[in-house]
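A short worksheet on the structure shown next.
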Amino acid sequence: MAMLQSERLVRRHALDAAIILDLFGLIGAYAAGSCRDTSTSIYTVAMAGAILIYVVIHIVFFTLDHSRNKKHEDNKLEKNREVLLLLAILAATLTYQAGLTPPGGLWESDKFGHHAGFPVLQDKYPRRYKTFFYCNAASFMASVALIILLMNPNLYRPGIECSALFVCMVAGMFGLMGAYAAGSSLHLKTSIIVLILVTALALAVFGIAAYVAIRRRRKGEVGEEEVEEMAGSATAGMPNYLMLVGILAASVTYLTGLKPPGDLWRYDGNGHSAGNPVLYDMDKLRYNVFFYNNSISFIASITIIASLLGRMMCKISLTPPWPMHTIMLLNMLALLGAYAAGSARMWGTSRNVILLLFPIVGFVGLLFMFCKKEDGPEDELEVQKMDKLGDEQEEQKGEDQNSNPGCPI
């Protein structure tokens, strides 16, 4: 805080250097605190170096012949930088906490051949723990590396233009999904079901991206003027709202999935297994309702975030917005179901929590209808004006192309 009050330090980039030093210290703290052996700590730090090297190589090879229009792209680059920085901070916060306090808890004593302070999941299910650990560590290192790169305009501008930073962020999001699938349940069958959900939604995201690419190839590349025209439309801010809601839901469901309500058993005995959720043994049906709703909400959130990142990579999206809205509606309903099941221990109380939704939705619906009734004619007139202006611009563009056939579209 004292450094922020000195303009000289700001001009000389002393704050940037201090933050970068802070981030490298964070990497060292994570590597030392999340592992119990030196070799694993070294591998963890090497991930960050590998990610930085990949981004630099990607920038060098994919921006050799790149020409940049500063007037049209500077504002968009800054907006994309803000989104990536927000996502990187989210992922770094979640994965740092999850890495230092892994799912299943830690042994509290050296009894029965265990080591105090070691993860329970590592002794119970070593392969699943390794999957969780490396997926979580990869997501954390990718996030911290992106934060470092996003502080330097000479690195993040070409990195955003050639989509290198987007690729790293999407990979970090899917690493987060892998860590959730491996660490949210100690039962193999449940983890397999979650992995199937992850795979299905990931394939859906890539399918939509391929569909957009095919349509763009058939219809031809979209010009910069058309991109700016669409960015200035009434629905241009909707992706930002979807991104913020997706980030909120992902941050809540990730940590809650790794540490479910009711806490975990600390020791083996009396028919219980250390690291297992207490709620699972006390009320299996309620735990399953919570777990699957929480998992659906988390995966839907990551899918929305990854899809919006893909939209930013493609510069423009030709797909209608209703798939995103449908996924977000599913996300919110699943989040409500997870809260109702996990916040109470009586089914009557959970039912009352869900019933609270209906009067709220009814009130919002009535308010929306009232506002729409008052603003309806003006909105319709504005839409007609925008449509007419768009048609005139398309006609003018067609005349210019006919008069200059050699110009690029």
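Placed from the backbone N, Cα and C atoms, the Cβ positions cover glycine too.
Going by TrEMBL, these are the annotated features:
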type     : residues : note
COMPBIAS : 382-400  : compositional bias 'Basic and acidic residues'
DOMAIN   : 75-186   : domain 'PGG'
DOMAIN   : 239-345  : domain 'PGG'
REGION   : 381-409  : region 'Disordered'
TRANSMEM : 41-62    : transmembrane segment
TRANSMEM : 83-100   : transmembrane segment
TRANSMEM : 131-150  : transmembrane segment
TRANSMEM : 162-180  : transmembrane segment
TRANSMEM : 192-214  : transmembrane segment
TRANSMEM : 289-310  : transmembrane segment
TRANSMEM : 322-341  : transmembrane segment
TRANSMEM : 353-371  : transmembrane segment
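Between the transmembrane segment (162-180) and the transmembrane segment (353-371) there are fewer than 3 Cβ pairs closer than 8 Å, counting only pairs 6 or more residues apart in sequence, which means the two stretches are not in contact. Counting Cβ pairs closer than 8 Å to the transmembrane segment (322-341), the top stretch among 41-62, 83-100, 131-150, 289-310, 353-371 is 289-310. Long-range neighbours of the transmembrane segment (131-150) within the same chain, counting only residues 6 or more positions beyond its ends whose Cβ lies under 8 Å from a Cβ of the stretch, are 20, 23, 26-27, 30, 34, 40, 44, 47-48, 51-52, 55, 81, 84-85, 87-92, 95-96, 98-99, 102-103, 121, 156, 159, 165, 168-169, 171-173, 175-176, 178-179, 182-183. Long-range contacts of the transmembrane segment (289-310) within its own chain (CB-CB distance under 8 A, at least 6 residues past either end) are made by residues 87, 166, 169-170, 173-174, 176-177, 180, 184-185, 190, 194, 197-198, 201-202, 204-205, 208-209, 212, 239, 242-243, 245-247, 249-250, 253-254, 256-257, 260-261, 279, 324, 327-328, 330-332, 334-335, 337-338, 341-342. Counted with DSSP, the domain 'PGG' (239-345) comes out as 76 helix, 4 strand, 27 coil.
Assigned with DSSP, the residues of the domain 'PGG' (75-186) fall into helix, strand and coil as follows: 87 helix, 2 strand, 23 coil.
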